[in-house]
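A.B. asks: The following feature annotations were taken from Swiss-Prot:
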BINDING   Thr48, Cys49, Asn50, Arg51, Ser106, Glu111, Asp112, Gln113, Gln117  substrate binding site
ACT_SITE  Cys49  active site, nucleophile
SITE      His96  site 'Important for activity'
BINDING   Gly186, Ala187, Gly188, Asp189, Met190, Gly191  NADP(+) binding site
Amino acid sequence: MNLAVIGINYNNTPIDIREKVSFSKSQKYKACTYLIKKGISEIIIVSTCNRSEIYICSDEIDSHINEVVNFYKIFFNVESVNEYIFIKKDKEAVSHIYNVSAGLDSMILGEDQILGQVKEALRYSMENKFSRKVLNKLFREAITSAKKIKSELKISETPISMVYIAIKLLEKNIGTLKGKKACIIGAGDMGRLALKHLINEELEEIFVANRTYNNVIDLLKEFPKIKLIDYEKKYEILDNVDILITATAAPHLIIKKEQLQNIKQELYIMDLALPRDVEKSAGDIENIHLYDVDDFKNISDSNKIKREELSLIAKDSIDSYVNEFNQWMKSLKVDNTIKDLNNRCRDIKDEYLGYITKKIDLNERDKEILEKMLFGALKKVVKEPILNLKELKDEDEINKYIKSVNELFKF
């Protein structure tokens, strides 16, 4: 079994492409189902506003990497996506998910939300049986190591997130938010986080709209001061607010330029969604100040030097965790070969036990003794080779001997 991650992320991919290859829940299910049918053993998809990554485990890794690359282009109908796709195999793939989980590969270095997103990606694949032993262990270990690294190095001592940066950008442009009015569209994790930040800023009014009304009712219980508005009437409130934050999971635009043309006051729009919620050209309107996820990168750079120093320190810890996982992967290869050898011994034992019992009439006790003796003798023959296999450390040697055993025994 080999591992790989194939995908795109903010490092070299503009938002115009990222939003086109972002997986909705239904798309994630279709993608995993399709790729499993193509022979890939295990799949986990991590899809956020900054990355779209497919982690795979396979016996035919190179051909299945090509399968995933072609899948991206065909599934999303984006011809140019190949220009941006990155591929990492085995140890590099393992290192990548460890860095991602710890927030060390994030646009906002050390941000907190990615760990929850990685957990959700694992939960989804486990629940739908798209991942099994290898990827489940990889993601669990990555999550555990991320918690340790964040705690040990205090990378997230001050909670940092895309929402936090967006609020800081608002403060930079508006000054104090006290007495301002805001509207949040979207009551998911991002919208809820935005609300928590705004509640602390002493705004005059905060309006919340969401397509599913029940989700907003739950928010009202937690934040009784907010005012709920009907999703279909969201445009009517925009004349009366200073700030609009959008954070929906809609696959299409929910705010278009033409619907903002008559806004008279200065309106700051923070589009936290991917695909984007707000039409890009809306920012061309003189009194509309539109920001999307890529605009938040610059404001986070003030923390960058300190956080990059911490990420260099974290590298040693991550390397250690990666090496531990790779040792487990090596032992897994050996374990499969040992299992094959034991199964071959069992098959030979069953074959000869059947032959003997046809020739000699044995009672149940004698038959049981003979079975144990046959199986014990056969296992003794392979015991030393098995012990030698377990002691191998070098990956090339492991692969060489496993290949030889497989060829000799025709596994």
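A Cβ is built for glycine as well, from the same backbone N, Cα and C atoms used for every other residue.
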A.B. asks: For the binding-site residues Thr48, Asn50, Ser106, which one has its C-beta crowded by the most other C-beta atoms within 10 angstroms?
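C.D. replies: Answer by Cβ density within 10 Å: Asn50.
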A.B. asks: Output the one of Asp112, Asp189 that, of all these binding-site residues, has the highest number of other Cβ atoms within 10 Å of its Cβ.
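C.D. replies: Highest number of other Cβ atoms within 10 Å: Asp112.
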A.B. asks: Suppose the NADP(+) site is Gly186, Ala187, Gly188, Asp189, Met190, Gly191. Which further residues of the same chain have a Cβ inside 8 angstroms of that site's Cβ centroid?
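C.D. replies: The answer, listed by sequence position, is Ile184, Arg192, Leu193, Ala194, Asn210, Ala247, Thr248, Ala249.
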A.B. asks: Around the substrate site recorded as Thr48, Cys49, Asn50, Arg51, Ser106, Glu111, Asp112, Gln113, Gln117, what other same-chain residues have a C-beta within 8 angstroms of the site's C-beta center?
C.D. replies: Gly103, Met107, Ile108, Ile114, Met162
A.B. asks: Whole-number answer please: how many Å between the C-alpha atoms of Gly186 (NADP(+) binding site) and Asn50 (substrate binding site)?
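C.D. replies: So the alpha carbons of Gly186 (NADP(+) binding site) and Asn50 (substrate binding site) sit roughly 19 Å from each other.
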A.B. asks: About how far apart, in whole Å, are the alpha carbons (Cα) of Met190 (NADP(+) binding site) and Cys49 (active site, nucleophile)?
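C.D. replies: Per the Cα atoms, Met190 (NADP(+) binding site) and Cys49 (active site, nucleophile) stand 11 Å apart.
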A.B. asks: Where does Gly186 (NADP(+) binding site) sit by DSSP, helix, strand or coil?
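C.D. replies: SS state of Gly186 (NADP(+) binding site) = coil.
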A.B. asks: Counting across all protein chains shown, how many other Cβ atoms sit within 10 Å of the Cβ of Gly186 (NADP(+) binding site)?
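C.D. replies: By my count, 27.
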